[in-house]
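Trainee: Straight from TrEMBL, here's the annotation block:
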ACT_SITE  H154  active site, proton acceptor
BINDING   C162, C168, C261, C264  Zn(2+) binding site
DOMAIN    1-399  domain 'Deacetylase sirtuin-type'
REGION    191-233  region 'Disordered'
Amino acid sequence: AARTIAEADVFLLCTGAGFSADSGLAIYADVAKVPAYAARGLEYRDLCQPFWLEQEPELFWGFWGQCYNDYRNTTPHPGYEILDRWAERRFRHSAIAEEIRRGLAADTEEAAEEDGTEEPYHVTDHAGGFFVFTSNVDAHHFDWFKAGEIRECHGNTEVYQCAMPSACTGVWRAPPDFAFEVDKASMLAPATTEVDQVPEESEDSPGAGSPSPKAETSGPEAPPRIGRVRGGGRVTMLRNMPALSSEEAALAGFTTNHPQCRKCGGAARPAILMFSDSSWQDVDSQQERWDAWGNAVEQLGQRQSSGTALRVAILEIGAGGNVVTVRGTSERCFKEFRDAGADVRLIRVNPDLPLGDGQELAPEGEHESRLISVMGRGLESLRKMDAAMPEAMRAASVS
């Protein structure tokens with residue numbers, strides 16, 4: 001895997017929920033394992049539904065507010081630094097990167113002048129030989145990677161929209177110092193902010209809804225869940241998501257514990273793609289940057305196909321079978337880049353599902369040999385790759 005990345009001209013990183021798990025954040029299986037949700041028979045898929053905003057807003061904001069607080073209070077794991085270091089040394093400043101960047105700059109300059117859409121954050125850079133595609137909504141990628149090289153296919157908890165997008169369009173940032181008040185016993189978030197926080201150790205108090213889970217869930221090895229994650233703070237929080245608006249504008253809509261639309265004053269919501277969600281507003285410019293970068297790589301692959309083929313490494317980490325958007329994207333990009341003439345390899349890191357899904361990459365498929373399956377967790381696998389990288393770089397320079 002290290003040799004494949006060291007030899008590549010272009011590096012695409014695809015991350016799923018398992019990548020966030022190494023930071024100590026809850027994933028699908030554990031995200032809602034709290035007594036208040038268990039008492040109501042609610043699991044992640046039940047909670048991640050937009051109808052709760054109208055039907056029971058205190059439950060809606062209790063869930064998303066605590067997710068937001070957990071994400072903001074948790075340090076991204078060291079794998080982000082490893083990947084950013086690889087990108088900085090190999091893929092942001094190479095001749096290939098400059099060629100891609102020049103093409104993107106020329107294509108977007110005129111469009112930017114004509115587009116009056118308000119952005120939730122400034123993007124002044126263009127991606128080079130590195131890009132990241134993620135389904136994670138924690139916005140941790142902005143702590144390390146550049147805004148112009150990030151595509152979040154499900155949005156993130158830092159960006160908000162009107163709950164009635166037919167009336168109000170556009171998305172905006174949450175204020176830098178905002179935090180939700182969530183009652184830890186009921187996991188509800190009242191509209192007002194005068195909430196008495198229930199200490200973590202009293203989760204088995206009356207109102208928790210079930211016997212205390214301490215005996216099986218306490219200690220450093222306990223699985224994380226909403227409201228109880230590793231934490232640690234974010235020293236580099238959102239450093240690559242610079243604010244667009246003034247401080248006064250940023251605070252608009254966040255004067256209560258239930259955010260409101262900055263335009264109409266009605267209910268707001270996180271700009272996150274939920275289940276059964278027909279109202280999500282994407283950051284369209286982010287999607288456009290991702291599409292443009294993929295097209296640029298394909299065009300470069302076509303131009304170089306007659307000589308030394310463009311070498312592309314796709315590294316997928318922590319994308320499981322609950323929501324297969326990331327797995328499907330990595331395999332689709334493999335096919336599109338290969339069809340364009342590039343020499344492509346996919347590295348899939350997953351402790352449970354490391355093999356190919358599509359016919360070409362599945363066992364005994366035509367391109368099975370171009371899939372490197374790593375049956376492990378993301379951070380431990382990245383550390384092993386990083387340890388092997390110096391030797392891989394020397395071998396790549398010789399070849």
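Including glycine, each Cβ sits where the backbone N, Cα and C put it.
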Trainee: Average the pLDDT scores across the domain 'Deacetylase sirtuin-type' (1-399) and report the rounded value.
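Mentor: Mean pLDDT, the domain 'Deacetylase sirtuin-type' (1-399): 86.
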Trainee: Sort out the sequence-distant neighbours of C162 (Zn(2+) binding site) for me: same chain, 6+ apart, CB within less than 8 Å of its CB, listed by position.
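Mentor: C162 (Zn(2+) binding site) has long-range Cβ partners C168, T169, G170, C261, K263, C264, G266, A267, A268, R269, Q281.
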Trainee: Fewest other C-beta atoms within 10 angstroms of its own C-beta: which of the binding-site residues C168, C261 fits that?
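Mentor: Counting other Cβ atoms within 10 Å of each of the binding-site residues C168, C261 gives the minimum at C168.
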Trainee: Report the residues of the chain - excluding C162, C168, C261, C264 - with C-beta within 8 Å of the mean position of the site's C-beta atoms, for the recorded Zn(2+) site, in sequence order.
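Mentor: Checked against the 8 Å cutoff, the neighbours are Q161, A163, M164, P165, A167, R262, K263, G265, G266, A268.
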Trainee: Between the recorded positions H154, C264, whose Cβ has more other Cβ atoms within 10 Å than any of the rest?
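Mentor: Checking each of H154, C264, the winner is H154.
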